[in-house]
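Asker: Okay, here's the structure, questions in a sec.
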Amino acid sequence: MTILTHTLGFPRVGLRRELKKAQESYWAGNSTREALLAVGRELRARHWEQQKQAGIDLLPVGDFAWYDHVLTTSLLLGNVPARHQNNDGSVDIDTLFRIGRGRAPTGEPAAAAEMTKWFNTNYHYIVPEFSKGQQFRLTWTQLLEEVDEALALGHKIKPVLLGPVTYLWLGKVKGEPFDRLTLLKDILPVYQHVLAELAKRGVEWVQIDEPALVLELPQAWLDAFKPAYDALAGQVKLLLTTYFEGVTPNLDTIIALPVQGLHVDLIHGKDDVAELHQRLPVDWLLSAGLINGRNVWRADLTEKYAQINAIVGKRALWVASSCSLLHSPIDLSVETRLDTEVKSWFAFALQKCGELALLRDALNSGETAALEEWSAPIQARRHSRRVHNAAVEKRLAAITAQASQRENPYEVRAEAQRARFKLPAWPTTTIGSFPQTTEIRGLRLDFKKGNLDANNYRTGIAEHIKQAIIEQERLGLDVLVHGEAERNDMVEYFGEHLDGFVFTQNGWVQSYGSRCVKPPVVIGDISRPAPITVEWAKYAQSLTDKPVKGMLTGPVTILCWSFPREDVTRETIAKQIALALRDEVADLEAAGIGIIQIDEPALREGLPLRRSDWDAYLEWGVEAFRINAAVAKDETQIHTHMCYCEFNDIMDSIAALDADVITIETSRSDMELLESFEAFDYPNEIGPGVYDIHSPNVPSVEWIEALLKKAAQRIPAQRLWVNPDCGLKTRGWPETRAALANMVKAAHNLRQAK
């Protein structure tokens with residue numbers, strides 16, 4: 001039985017972010033739909049060929065998406081919200097973009113669909129909307145067209161489909177409440193149709209993704225898998241695909257299904273290979289996810305070989321990435337600035353394909369010399385001086401309970417803060433960043449390339465900060481921000497100023513739609529060699545009598561949005577970051593900054609996928625935030641910001657952060673997230689986001705007032721702040737001014753209505 005290689009998916013955006021540039025050009029009206037489609041075809045062809053050349057035997061098809069693969073599945077099933085539909089009922093790429101971002105070059109703008117985190121990753125998906133009595137039909141044939149493309153190029157392929165049960169699990173009911181699982185019988189005929197079309201094309205295997213099978217699902221959802229897969233069986237071979245956790249707790253459900261193979265994530269799960277082999281039906285193929293699809297570290301292939309070799313020859317076996325390589329940068333070979341030693345520790349998507357090929361060849365032949373050679377650098381790293389800092393380890397060991405306690409409880413602090421700031425009712429603010437204009441990006445790029453000296457760079461940044469303050473004062477905002485002109489990314493910026501991180505030139509990964517991020521890599525112990533944000537915050541505060549917030553990214557978010565070390569726990573990394581940023585809080589306070597925002601949008605996304613594992617994570621995650629913040633005096637107001645969150649099940653931990661003010665994303669969910677705070681009787685102040693910054697649509701004054709009145713039905717008005725959902729970095733100035741002007745006007749109207 002020859003072992004084969006495959007990946008669960010490949011990055012979509014292109015090495016130079018070609019897809020992002022094509023999308024944004026099309027959205028801006030600067031290029032045609034045909035030009036956009038051509039870029040997609042070119043990228044798919046390139047990526048298939050690159051994977052093939054790197055040693056992948058079965059290429060994934062259907063992993064490409066114009067915005068998000070869950071949204072692609074919604075269109076496949078004809079699940080288009082009424083507000084986004086074309087007048088003639090047709091579905092096209094602009095339909096997709098209207099759902100994802102609220103507008104497109106054609107059609108009427110409408111509120112974008114909700115967006116949330118894809119399991120516990122930093123990728124976002126567009127949440128499917130379901131209504132009672134909804135009908136489904138095959139309306140979007142992108143998958144079939146891409147299969148035809150790949151077959152025409154002569155590739156051996158494995159189409160990828162998001163499975164029906166997980167698709168329903170990921171969605172939300174809109175309108176009259178009902179059990180969305182009852183729609184399963186209605187979507188299965190579309191899946192049957194698609195599988196029949198794939199069978200007609202000679203497809204042998206289909207990867208059908210059911211990552212919900214790693215969760216602690218309600219019994220009714222577990223019971224739904226058997227009838228669903230009974231309906232789908234028989235047309236092609238199905239590789240039931242799971243990732244991000246192990247499957248052992250749900251293995252009884254899985255082995256009863258009429259599928260021909262199972263993919264398991266052997267990186268993030270705790271499944272035992274021998275037990276899986278023993279319990280799976282003898283004729284099933286096992287796809288072993290041995291190469292980490294979510295990190296950038298070179299694998300110790302000698303360990304991987306030892307992990308799987310015992311079952312070689314005993315059942316059909318493939319070796320694969322743990323999950324889609326969507327979460328990894330594309331190609332390490334173009335990184336020319338990385339230190340040679342550090343570069344030898346890494347592997348990006350194409351190198352991970354090569355790792356799979358090396359592992360396949362060794363498992364098929366029994367020859368391991370190539371694995372030992374490949375693994376030598378990562379083994380040598382364990383003893384590198386770049387990794388360990390005795391002073392950091394000593395400080396971490398000395399943390400006491402007192403380090404995470406503010407001097408007094410919120411009620412006492414709030415009095416001191418009211419006396420200091422004297423803010424009006426319904427105080428207005430923004431979340432931190434202002435539009436990153438072409439001029440700002442060009443300034444940073446010229447400085448980075450050495451085309452601009454430090455003095456001229458600083459003069460330019462100072463001018464943009466000054467303009468941001470002027471804009472906010474004109475708008476009448478109450479608490480200002482400096483606008484973050486000097487920051488490329490909220491995590492990358494801090495990583496650049498902390499020891500223990502390294503950065504790539506082209507290590508882009510998709511976050512959502514056209515948004516890409518370049519996560520820093522944690523390679524060693526973390527410390528702060530010098531103040532990071534103090535100079536610009538102090539300068540901004542000197543320009544105005546209104547309070548200017550100091551802006552920090554919190555320790556858990558920096559951890560979650562970086563590629564972490566694999567040789568220490570996530571708790572250790574988070575607390576090292578917290579100690580470094582604790583010093584930053586103290587320095588900001590000493591510089592006269594009275595309001596300091598510590599963003600933790602990733603706190604919830606970092607949750608383990610199984611609830612039984614949550615408590616331990618939340619305990620150290622909350623402690624890390626408090627270590628970061630607790631150095632502040634009573635009169636210093638600590639804000640935190642969170643987005644894409646369901647808060648119901650972690651309200652105890654949100655309250656335990658003990659932030660004086662929390663700002664949250666609520667506009668896309670029509671303030672329903674505030675139910676959690678109301679039910680919990682959350683004691684501190686809250687700023688529910690009143691408009692969606694991910695959409696270019698400008699909210700009306702009436703819309704914002706209505707949302708705020710809805711918020712005031714749940715939270716006492718004296719504890720409410722008024723702010724957008726998130727930072728304004730990706731928006732343009734005209735829409736930013738218009739939206740903020742309406743927001744300020746709505747707040748003024750509510751003050752006068754008292």
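Placement of Cβ uses the backbone N, Cα and C atoms for every residue, glycine included.
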Asker: In Swiss-Prot, the L-homocysteine site includes I431, G432, S433, E484. Which of D300, D599, D613, D615 does it also list there?
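Answerer: As annotated by Swiss-Prot, I431, G432, S433, E484 share the L-homocysteine site with D599, chosen from D300, D599, D613, D615.
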Asker: Name the residue, out of K117, K132, K709, K710, that Swiss-Prot lists for the same 5-methyltetrahydropteroyltri-L-glutamate site as R17, E18, L19, K20, R515, C516, W561, E605, please.
Answerer: K117
Asker: In Swiss-Prot, the residues H641, C643, C726 are said to bind Zn(2+). Which of E619, E665, E702, E705 is said to bind at that same site?
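Answerer: It is E665, as the record lists it for that site.
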Asker: K117, H641, H694: which of these recorded positions has the highest Cβ count within 10 Å of its own Cβ?
Answerer: H641
Asker: Taking the Cβ of G432 (L-methionine binding site) as the centre, count every other Cβ atom within 10 Å, in any protein chain shown.
Answerer: 26
Asker: Within 10 Å of the Cβ of E605 (5-methyltetrahydropteroyltri-L-glutamate binding site), how many other Cβ atoms can you find? Include all protein chains, please.
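Answerer: 23, counting other Cβ atoms within 10 Å of E605 (5-methyltetrahydropteroyltri-L-glutamate binding site).
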Asker: If you take the centroid of the Cβ atoms of I431, G432, S433, E484, D599, the listed L-homocysteine site, which other residues of that chain have their Cβ within 8 Å of it?
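Answerer: Along the chain, the qualifying residues are T430, V481, M490, M551, Q597, H641, C726, G727, K729.
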Asker: What's the CA to CA span in angstrom from G432 (L-methionine binding site) over to C726 (Zn(2+) binding site)?
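Answerer: Pair distance, Cα basis, whole Å: 8 Å.
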Asker: Check G432 (L-methionine binding site) against DSSP and tell me helix, strand or coil, would you?
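Answerer: Where G432 (L-methionine binding site) sits, the three-state DSSP reduction gives coil.
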Asker: Check E484 (L-methionine binding site) against DSSP and tell me helix, strand or coil, would you?
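Answerer: The residue in question, E484 (L-methionine binding site), is coil (DSSP, three-state).
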Asker: Name the one residue among E484, D599, C643, E665, H694 whose Cα is closest in three-dimensional space to that of C516 (5-methyltetrahydropteroyltri-L-glutamate binding site); these are the recorded positions.
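Answerer: The answer is H694.
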Asker: Where does R17 (5-methyltetrahydropteroyltri-L-glutamate binding site) sit by DSSP, helix, strand or coil?
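Answerer: It is coil.
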